[in-house]
Structures are given as C-alpha cells and as structure tokens.
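As recorded in TrEMBL:
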BINDING   Cys82, Cys86, Cys89  [4Fe-4S] cluster binding site
DOMAIN    67-281  domain 'Radical SAM core'
Amino acid sequence: MTKEAVLYKKEDSRIRCLACARKCLIGEGQTGFCGVRSVRNGKLHLDVYGKIAAAHIDPIEKKPLVHFNPGSKVFSFSTYGCNWMCMYCQNYDISQRRKAEGVELSPEEIVELAMGYDVDGMTYTYNEPAIFAEFAHDVGIVAKKHGLFNTMVSNGYWTPDLVDYVRDFLDAVTIDFKGNGEQKFLRRYTGATSAEPIIETASELSKKGIHVEITDLIIPQIGDDIEAAKQLLTKLYDQLGADIPIHFLRFHPDYKLNYLPWTPVEILERHYKLAKELGFKFVYIGNVPGHPYENTYCPNCGNLVIRRYSFDILEWHLTEDMRCKFCGYKLPIKGKLSRHAFKERFETVFI
C-alpha cells in the first residue's frame, strides 16, 4: 500500500519534502533520507502508508508521558525508516531499515484492532513519526472519532508545515533531545545539524495547545556535558516555561555504541539538580527504576503526590481535578487518571 504524501511542494523538476527539517530535495525515482518517501510520476509518495513494522500495548508512562492522562494504556505502533541515524538506537532494526515493508492495515483496521485491547489512546512511536505523518494523521482522525487520544514520541526535527498538519489529531507529544542537544554530538551521532528546529517544534506545539514533555538522553563520555545542558535548559525554560516536564533518561549500551557504559546515576542527578536550580518545577530521572526522582512532588508543599516504580503508579494523592490532597495546589496534568492505572498494561499485539 502506498499513498501520495501531503507534506511536499514542487521545485522545478524535483520535489521538496516538508515532513522534517531535512527538507530533502528529491528527484524522479529517488527516495528521501528516511527511505520511505519517494518521487514517482512527479509526486511524492509515502511508501509505508498502511504498513506496520511493530505494534505493542504500553503504559503511557513508557513514552514517557507522566502529565497526560496518567495510568493510560496505549496502542503503540511504527513503520520502518527514520530521519535520523542514531548510533545508539535501541530500535535500530526498525528505524534503520530503509524498506517499505510491514503488515498492511488500513487506518480503520488499526483503530479497530486497538479498541479490541481496550486502550485509552494511540501512540506513534518506535521510529520517527514525522516520516509517516500522513499515515499517522489518517489513523489519528479515525481514533478521535472513537474517543481515543493521540500521542507521539518524536525527535522533534520537524518543519512548521508538519506542526500545522498534526493540529487536527495530536493531543500530546514527547520531544526527545539527545546528548543535551549539543551540536557536535548531534552531527556525529544522529546526523542532525542542530537542536534549534527541535526547540522551535516543541515551542510551537505547546502554543497550539498540544501537551509537550521533554526528554534528554544523557550518554556518558560523549553526551553528558553539563554546560551544554545548561544552554539547552535555559532555551527550553524561555520558550516553554517552568511547568514543562523534563525527563533525563539513562543511556544503556546498544547498536553501534554498545561499548559505552550505562549512564552513572550521579550524572543524571547532576542534570536534575541543574534543571531545578533553573526553575523547572517537574523534573524526572528515567530508566532508573526505584529512584525517588521517578515520582511527582507538589511544587508548593513538597509532598509526594504520585509514587511510581518504573512505568507503574503505586500511590496517587491528587483529586479528580489534579489538586494536591495535602495543600490544594493544582498541578498542570492534563486529562484524568485512567481506569487502567493500577492494572497490568503491557500486552503483546498479534497482527
């Protein structure tokens, strides 16, 4: 299955793709960097439209989204391909495969499949959803008609065109920075040129009312510079404000960087401390199960209001309208506590 893309324009005899910040200029018979957007007969086609590479039922906290419909169960899926070439990607078998393959399902069939697992929403993840934006859009519109929310896990390396395009269906997004967004790191280990398009994407999505959470994968030795973190966090604070959730994620060895160690916890804690000093109210450490900074604390009284272990919610001390039960402070958490919150939320999807 293939479909003409929406996010492109013609430039003389070639096509300019507008799905991501690479803005590939593609000639007849050629394919963009992602490997799944190609030009045929003078039009840009999404070659993975309706083709699923991977699917699973996940807790929403795995994304991580912890300030959006907490405890939700989501149908996660991906296609093949990516607009980055991260040398540490844990999903490299999906993201770095530049082929138009996968199980063929229409948007209606995907939503029907998802509803069979009694999910709260959809998540477009595992590879970069920008490259299959038109597919995600069509699934998302159907999902909304059935009362499901839509979320993405993205590197944020987008165009303003894509930001406008997702407004019709996207409710929340995790924007993933890598190595503190330091330029040399990005160029060498991801193939991206700069963090500026990512910051702009996060800012514009937030302005349009889409819930945004930020992650920063801290990679030891090559992507853990605290001064780079300060520069990035300062920009994010200026653009997004103090209430934006910030997650510092622990790196684990994978793909071409499997020789590096796990990120030392003390380095993550140093980043946490910096973010708090800069004024962020909700800062988290991820991929360290049992760490106290997995939890949510009331910024007004300091009491623990959500206790977590990894992706599970263990304690909940908020009212229905997300006020602290100890002092009444209203936390900026969108949606409601899901009925699935205290149940097993990992499930295998059979397609």
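Glycine residues also receive a Cβ, built from the backbone N, Cα and C atoms like all the rest.
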Handout entry: Whole-number mean of pLDDT values that fall within the domain 'Radical SAM core' (67-281)
Key = 98
Fill in the blank from the handout: By a 10 Å Cβ neighbour count, the lowest-scoring of the binding-site residues Cys82, Cys86, Cys89 is Cys89
Exercise for the section: Would you mind pulling the DSSP three-state label for Cys82 ([4Fe-4S] cluster binding site)? Expected result: coil
Handout entry: Check: same-chain CB within 8 A of [4Fe-4S] cluster site center, minus Cys82, Cys86, Cys89
Key = Trp84, Met85, Tyr88, Asn91, Tyr92, Ser95, Gln96, Asn127, Glu128, Thr190, Tyr255
Problem - Structural state of Cys89 ([4Fe-4S] cluster binding site), classified by DSSP into three states - result: coil
